[in-house]
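Working notes for the structure below.
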Amino acid sequence: MSSVVVVGTQWGDEGKGKITDFLSEHAEVVARYQGGNNAGHTIVFGGVKYKLHLIPSGIFYKEKICVIGNGLVVDPKALLEELKYLHDRGVSTDNLRVSNRAHVILPYHLKQDELEEASKGDDKIGTTKKGIGPAYMDKAARIGIRMADLLDREAFKEKLERNLAQKNRLFEKMYDTEGFSVEEIFEEYFEYGQQIAQYVCDTSVVLNDALDNNHRVLFEGAQGVMLDIDHGTYPFVTSSNPIAGGVTVGTGVGPAKVTRVVGVCKAYTSRVGDGPFPTELHDEIGHQIREVGREYGTTTGRPRRVGWFDSVVVRHARRVSGLTDLSLNSIDVLTGIPTLKICVAYKCDGKVIDEVPANLNILAKCEPVYEELPGWTEDITGVRSLDELPENARKYVERVSELTGIQLSMFSVGPDRNQTNIVRNVYEA
């Protein structure tokens, strides 16, 4: 039995999709365990670039089972659009499985998300307005509608009527806007469910059977540790648990069945949306990193905020996610910058802090303590091993591994699959 979890160690957008796609080649099952279509991942397969939001990266391999686990919230309309997107490009989706316990995003979740974000004014958290938060709220409040309900005409109608009575009062009384009628949603979304039905099953059985039969299973996280609802920069976070512990809850696989946890990070830092960002760059170097690294959101198209590598953040990710392996991406983006900086600690009110403060007022006051390293000018996009890296690039990579306390297993020098290099095999380590 070999199972590997891929976790983002920063604020998402670390290149998890590419690494998951790369590792998918040697897995028999690929599963997502949290989030929804608020996360985007870009995969290059057969020379073609694909952008996915819900469906796991392994979908391009016909012989591999791809799982949307119970921990996700699924917009049926968005899922069908993504299926069509793949079908139109000749990609089969017969290998997809969707949990019958996954919760469903409905139009009132999208409306609630938009209205709540608008009402916060300057205190907005930067939601993607995909209905993710409200769907997870309903799940916690035990009024959510699950895939199993969507496929049952009577159950779906009964729960939809109950929920709309509540949601419409919210829209009218709190936001002074009209809600929805049952007729506006019911038939359309029930039909969506019927189109998805062929994929729906108990995915916990699928995953545990695979592991019991010694198949390699790859668990694919969305977002990143710093967006985790418990361990991220709350409240500027997502509504689920991207940390490795989210796998057990979000797929129905016990923790003893997870063997390796790969932390994916960039050689610098980026984030979309609001919230504290200690190493953020507002200068010409920041602009250069953003343009060279094409730092614009896959889902939103928003320019990402960028900054120096923050080892405090990645050490935090190592601790709360139990990271065993490091995958360092986008090293090539730093080429040509004369002096590179790595944040090794924070300083606040004269005190040195080695961990991420839970209090955001304190985090906002934190000044990064930097260590400087010389940059490199050589083109590294064709490098295929650590030894081929220029001395300064190799020293930078090694220092990142030392400061984070995570053994380097993979590094990437460009966006293509063949620019990802293996230092050690995570399935056999």
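The backbone N, Cα and C atoms fix where each Cβ goes, and this holds for glycine too.
Together with Asp13, Glu14, Gly15, Lys16, Asn38, Ala39, Gly40, His41, Thr128, Arg142, Thr238, Arg302, the IMP site in Swiss-Prot holds one more listed residue from Gln223, Gln288, which is Gln223. Comparing Gln223 (IMP binding site) with Gly12 (GTP binding site), their Cα atoms are 4 Å apart once rounded. With respect to Pro303 (substrate binding site), the closest of these binding-site residues in Cα terms is Thr128, chosen from Lys18, Thr128, Val413. Put simply, Gly12 is the one of the binding-site residues Gly12, Gly15, Lys18, Arg304, Val413 whose Cα lies nearest to the Cα of Asn38 (IMP binding site). The Cα of Gly12 (GTP binding site) lies closest to that of Arg304, out of the binding-site residues Thr128, Thr300, Gly301, Arg304. In this view, the densest Cβ surroundings among the binding-site residues Gly15, Pro303 belong to Gly15, judged by other Cβ atoms lying within 10 Å.
Comparing Thr300 (substrate binding site) with Thr128 (IMP binding site), their Cα atoms are 7 Å apart once rounded.
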